[in-house]
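According to Swiss-Prot, the features are:
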SIGNAL    1-29  signal peptide
TOPO_DOM  30-66  topological domain 'Extracellular'
TRANSMEM  67-87  transmembrane segment
TOPO_DOM  88-111  topological domain 'Cytoplasmic'
TRANSMEM  112-132  transmembrane segment
TOPO_DOM  133-136  topological domain 'Extracellular'
TRANSMEM  137-157  transmembrane segment
TOPO_DOM  158-169  topological domain 'Cytoplasmic'
TRANSMEM  170-190  transmembrane segment
TOPO_DOM  191-195  topological domain 'Extracellular'
TRANSMEM  196-216  transmembrane segment
TOPO_DOM  217-302  topological domain 'Cytoplasmic'
TRANSMEM  303-323  transmembrane segment
TOPO_DOM  324-333  topological domain 'Extracellular'
TRANSMEM  334-354  transmembrane segment
TOPO_DOM  355-368  topological domain 'Cytoplasmic'
TRANSMEM  369-389  transmembrane segment
TOPO_DOM  390-399  topological domain 'Extracellular'
TRANSMEM  400-420  transmembrane segment
TOPO_DOM  421-437  topological domain 'Cytoplasmic'
TRANSMEM  438-458  transmembrane segment
TOPO_DOM  459-468  topological domain 'Extracellular'
TRANSMEM  469-489  transmembrane segment
TOPO_DOM  490-500  topological domain 'Cytoplasmic'
Amino acid sequence: MQTKGGQTWARRALLLGILWATAHLPLSGTSLPQRLPRATGNSTQCVISPSSEFPEGFFTRQERRDGGIIIYFLIIVYMFMAISIVCDEYFLPSLEIISESLGLSQDVAGTTFMAAGSSAPELVTAFLGVFITKGDIGISTILGSAIYNLLGICAACGLLSNTVSTLSCWPLFRDCAAYTISAAAVLGIIYDNQVYWYEGALLLLIYGLYVLVLCFDIKINQYIIKKCSPCCACLAKAMERSEQQPLMGWEDEGQPFIRRQSRTDSGIFYEDSGYSQLSISLHGLSQVSEDPPSVFNMPEADLKRIFWVLSLPIITLLFLTTPDCRKKFWKNYFVITFFMSAIWISAFTYILVWMVTITGETLEIPDTVMGLTLLAAGTSIPDTIASVLVARKGKGDMAMSNIVGSNVFDMLCLGIPWFIKTAFINGSAPAEVNSRGLTYITISLNISIIFLFLAVHFNGWKLDRKLGIVCLLSYLGLATLSVLYELGIIGNNKIRGCGG
């Protein structure tokens, strides 16, 4: 219990630390342009501030510039912490029980319900971007977090893990191919700055085909290995490892774990009779007990107590409004847990997007840039922690599957709101996408996918610090170019606010 509690508080401490560093990314060494026009063809037009779709807030623009902006930064960090708590403690456990009740296989469960747990903030942000702000913050958050997931999380796994993990070829190839197709589809959709109903349906179809492939993953894997292994050394080695290595195993400490043959983002596994339930989720490895400790138990360490006190209002609010389905008494109420936690995620994400939008407007940073930096890294914090934890245990395939595979669900996060708005709300009229810079970002994303696969290949299919350094430098380079393009420093994509 103490080990699990220590990991939980360490995860939240890491969350706050990374968020604090990320919050300063757009400001370091950058001279912001002053309300310049965005070029669109032969004319220029201003971009209406998304903050007009939100309440006015509790400070004027001048008060925010005089120091009130710090309050907004603190609220942003606190909302990230709240989303992390509700996902870890309520949303994911309810999704696991739903998958168990429906009898879903680990592949289907991992790419549907379980992937929804990790991508819930991105999904809500996409809905807010389409229906509330009517801007690009949802799209840029998903595309920005995708680049971070591919290169940033891989860099964290390589640099923070003392174990060199051997990777399998097929799962990485499968997920990279699926995401390359998805990203290429998004590029084609947003290229003309309009999204039609059939284009939103196309993204849903791609995701459905991906789930269908996972349903027959074993047969497809065996067929491809049989056909391609004579000419592909990595596939031949993958076949040898799959024959030698069982799915379930035991660590030196006597604790059961899932071996790297598990190639999905997450899944639910049961040991033979006489053993406890073992659950692997997108937020890490944890031994699930029937009756977890009370959320009101104060940690012993001083630093943990500080974080516990800071999060106590959120803990109390969730405790009073959402049943904890991890406990035996509330297990049958998992549907209520699912809907209540989804409501709270939506509420916290709304406040988060509101604060980030006003912060970006105060600092004269476009909403797309904020989505590429603060929102992108923040919504991927749980994935970062989960991947680093499994990489430290030598389970490289599981870490890479979390890195690449979960991004496919993010395409669904764009397809659902686009399809609903264009097919049922706008009367078949297209939805407008205002940012030409997103085209550049999507191209960068496709390049990063190909680069990651080639980097792993030339590194000998190993997840180590050498790969981590290469991915880190690549991510910093792509992120810098994307931000400079959105700011108008490079290219012809300068932005100004209407009425400014």
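Note that the numbers count up from 1, one per residue, in the order the chain is shown.
Cβ coordinates come from backbone N, Cα and C, glycine included.
Given the structure is predicted, the values throughout are model-derived calculations rather than measurements.
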Interface present between the transmembrane segment (438-458) and the transmembrane segment (170-190) (three or more C-beta pairs under 8 A): yes
DSSP residue counts for the topological domain 'Cytoplasmic' (158-169), split into helix, strand and coil: 4 helix, 2 strand, 6 coil
The transmembrane segment (67-87) vs the transmembrane segment (334-354): 3 or more CB pairs under 8 Å: yes
The topological domain 'Extracellular' (459-468): DSSP-derived helix, strand, coil residue counts: 4 helix, 2 strand, 4 coil
